[in-house]
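S.K.: Please read through the structure below; I'll follow up with questions.
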């Protein structure tokens, strides 16, 4: 749809948003800047969040807002001159799986990919990546410079989102009080402070594939995969065909459907990927990284790791990539990567 004019007031913008009109990139940027500067009242902010959710986000809006948030998050030291990958999902699939993308991060790192994992605690009953990693001994309060430097020494790091985006802290109570998912759930995966050149991003709804892929393309990534998993997962699933958007710089975004058998993996129902409470998810993640998990747990991590190897340019044949990931998992090498990161972040707190 046509964007609303840029000279109108916030109430006029809201009115046209409620009529289904998209924001222009400049208006989306202005809205995010106003939120960060606390220029809008809580009522206005809640109305805009609800209006954007009801209308549905488009790539231009997501990319513009993400660019503002990226600019509001300066690094505490120089960015390492490394090609990096992030692996994450938007959440919201309600499937209560174990922490698949977290396992993928350490598996990919064990295969030589530099992984900058951006994550948070759970916003619902599901155990978030930060929750499970903290439970396994990772220091979430490590100095930010140490977090950045860790990727150079270990090949993997974990950026705990609240430590990097303090400007969003004031919005957190309002978002919680709304009780529904908002644009910020979509922006989280787009605002990794280290700005990786490649990314695997999972979405729980098929209608988010194109907006998120378009946003990643506009943000200038070299390669990315946006995946909507069979059964509604926000990562590749073993339950059937998974719908992908393949993003490559300078090329049209491509659609691909990939099933587990395409990668030489066995199909499995979603129940085989279930997690549980924090203790359950810690145990499953440790077992996966040590190569002691169930075949389905190993296979789903291998599937998603194959996508990481593709975006990183390490292995462009997904079947071969999945085989490499499976071998690495069975050797228990990803567990060593987690231990390496634990040691790198073990000292110090705060900035």
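Backbone N, Cα and C define each Cβ position, glycine as well.
Pulled these features from Swiss-Prot for this protein:
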BINDING   89, 120  anthranilate 1 binding site
BINDING   89, 92-93, 97, 99-102, 117-125, 129  5-phospho-alpha-D-ribose 1-diphosphate binding site
BINDING   101, 235  Mg(2+) 1 binding site
BINDING   175  anthranilate 2 binding site
BINDING   234, 235  Mg(2+) 2 binding site
S.K.: Rank the binding-site residues 118, 121, 175 by the number of other Cβ atoms within 10 Å of each Cβ, and give the residue at the low end.
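M.R.: So among 118, 121, 175, the binding-site residues given, the one with the fewest Cβ atoms within 10 Å is 121.
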S.K.: Filter the binding-site residues 89, 101, 120, 121 down to the ones within 10 angstroms of residue 235 (Mg(2+) 1 binding site), Cα to Cα, kept in sequence order.
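M.R.: The binding-site residues passing the 10 Å Cα test are 89, 101.
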S.K.: Anything within 10 Å of residue 89 (anthranilate 1 binding site)? Look among the binding-site residues 97, 121, 175, 234, comparing CA atoms, and list what you find.
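M.R.: Close binding-site residues: 234.
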S.K.: Which of the binding-site residues 120, 175, 234 has its Cα nearest to the Cα of residue 97 (5-phospho-alpha-D-ribose 1-diphosphate binding site)?
M.R.: 234
S.K.: Between 97, 101, 120, which of the binding-site residues has its C-beta surrounded by the fewest other C-beta atoms within 10 Å?
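M.R.: Fewest other Cβ atoms within 10 Å, among the binding-site residues 97, 101, 120, is found for 120.
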S.K.: Reduced to three states, what secondary structure does DSSP give residue 120 (anthranilate 1 binding site)?
M.R.: coil
S.K.: Which residues in the same chain, at least 6 apart in sequence, have a Cβ under 8 Å from the Cβ of residue 234 (Mg(2+) 2 binding site)?
M.R.: 89, 90, 91, 92, 93, 202, 203, 204, 227, 228
S.K.: Using a 10 Å radius around each Cβ and counting other Cβ atoms from all shown chains, which of the binding-site residues 89, 235 yields the largest count?
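M.R.: Its Cβ has the most other Cβ atoms within 10 Å: 235.
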S.K.: According to DSSP, which of helix, strand or coil covers residue 97 (5-phospho-alpha-D-ribose 1-diphosphate binding site)?
M.R.: strand
S.K.: Going by DSSP, is residue 89 (anthranilate 1 binding site) part of a helix, a strand, or coil?
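M.R.: Its secondary structure by DSSP: strand.
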S.K.: Could you check what DSSP calls residue 235 (Mg(2+) 1 binding site) once collapsed to helix, strand or coil?
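M.R.: In three-state terms, residue 235 (Mg(2+) 1 binding site) counts as coil.
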